[in-house]
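Trainee: Structure incoming, see below.
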Amino acid sequence: MDGNGRWARQRLLPRLAGHSQGVESLRRCVRACVARGVRALTVFAFSSENWGRPAEEVSGLMGLLAKALAREVPELSRDGVCVRFVGDREGLSESVRNGLAQAERATQGNSRLVLSVCFNYGGRWDIAQAAAALAARGEPITESALCGALALAHVPDPDLVIRTGGEKRLSNFLLWQAAYSELFFSDLLWPDFDEAALDAALDWYAGRERRFGRTSEQVRAGLEPEPLRA
Ligand code: IPE
Ligand code: MG
């Protein structure tokens with residue numbers, strides 16, 4: 001969800017106003033995904049590297065998270081959304097950690113859409129913590145064991161990854177899980193990413209041929225891809 005700062009700057013507003021608008025955009029996107037039958041949506045809200053931003057912006061983002069949780073959970077629950085937070089909770093304040101746990105508890109019975117919010121998350125952090133967990137249990141580090149130990153093990157790998165804001169990079173998001181994802185880059189700033197933009201991304205995705213390492217002929221002959229080697 002990139003581009004909140006630029007959205008605000010274009011309007012001569014403080015960066016935090018852009019993040020506020022970003023929350024509105026996320027709420028719209030979640031609703032649109034529910035309406036379109038998307039079962040899993042994973043968003044990158046705060047990266048392990050975002051701590052390096054000015055203190056005022058970091059504390060503003062934490063405050064925004066707390067406010068959004070308090071406000072949105074009832075509606076998310078009504079819409080059948082199960083919220084999960086993915087990331088290093090150790091680095092978060094106790095009140096933020098409590099807020100996350102409360103939102104998870106309040107929505108845990110829902111199954112229409114799993115909304116995973118990556119917060120204090122990094123793809124490298126996730127791979128490293130999964131390897132460390134296996135090592136601590138004395139288990140061999142295989143692909144399938146790692147898959148099960150990742151913080152995002154509760155959802156399948158994403159079919160489609162959307163990055164807004166014009167940059168064409170992953171910036172440490174889903175490094176493991178995006179191995180075979182289709183990557184869609186939008187020049188829209190996140191607060192401007194609306195239902196029409198989502199539909200454009202989904203339409204583009206629908207036209208992709210997913211080969212998982214196989215040939216086009218094999219795919220067109222309807223041969224199922226071999227499961228990725230564990
Ligand atoms: C939002 O966009 C991403 C977050 C870290 C919350 P940015 O804050 O990176 O916006 P730009 O890139 O400065 O426009
Ligand atoms: Mg940015």
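Counting starts with 1 at the first residue shown.
Placed from the backbone N, Cα and C atoms, the Cβ positions cover glycine too.
Straight out of TrEMBL:
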- D2: active site (ACT_SITE)
- D2, E182: Mg(2+) binding site (BINDING)
- 3-7, R15, H19, 47-49, W51, R53, R163, 169-171: substrate binding site (BINDING)
- N50: active site, proton acceptor (ACT_SITE)
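For each feature listed, report its degree of burial, its nearest neighbours and the pertinent distances within the displayed model.
Mentor: Cβ-based neighbour count (10 Å, all protein chains) for D2 (active site) stands at 19.
A strand conformation is recorded for E182 (Mg(2+) binding site) in the three-state DSSP classification. Taking a C-beta cut-off of under 8 Å and a sequence gap of six or more, E182 (Mg(2+) binding site) has these contacts in its own chain: D159, L160, V161, W204, Y205, R208, R210.
In this structure, H19 (substrate binding site) is part of a helix by DSSP.
With a cut-off of 8 Å between CB atoms and residues at least 6 apart in sequence, the same chain places V58, L61 near N50 (active site, proton acceptor), listed in sequence order. A helical conformation is recorded for N50 (active site, proton acceptor) in the three-state DSSP classification.
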Trainee: I'd like to verify something. Among the recorded positions D2, H19, N50, W51, E182, which ones have a C-beta closer than 6 angstroms to some atom of ligand 2?
Mentor: D2
Trainee: Return the count of C-beta atoms lying within 10 angstroms of the C-beta of G5 (substrate binding site), excluding that atom itself.
Mentor: 20
Trainee: Taking 10 A as the limit, how many CB atoms besides its own sit near the CB of S48 (substrate binding site)?
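Mentor: Result for S48 (substrate binding site): 18 other Cβ atoms within 10 Å.
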Trainee: So which recorded positions out of G5, S48, N50, R163, L170, E182 are up against ligand 1, CB under 6 A?
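Mentor: Checked recorded positions vs ligand 1; flagged G5, N50.
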Trainee: Going by DSSP, is W7 (substrate binding site) part of a helix, a strand, or coil?
Mentor: helix
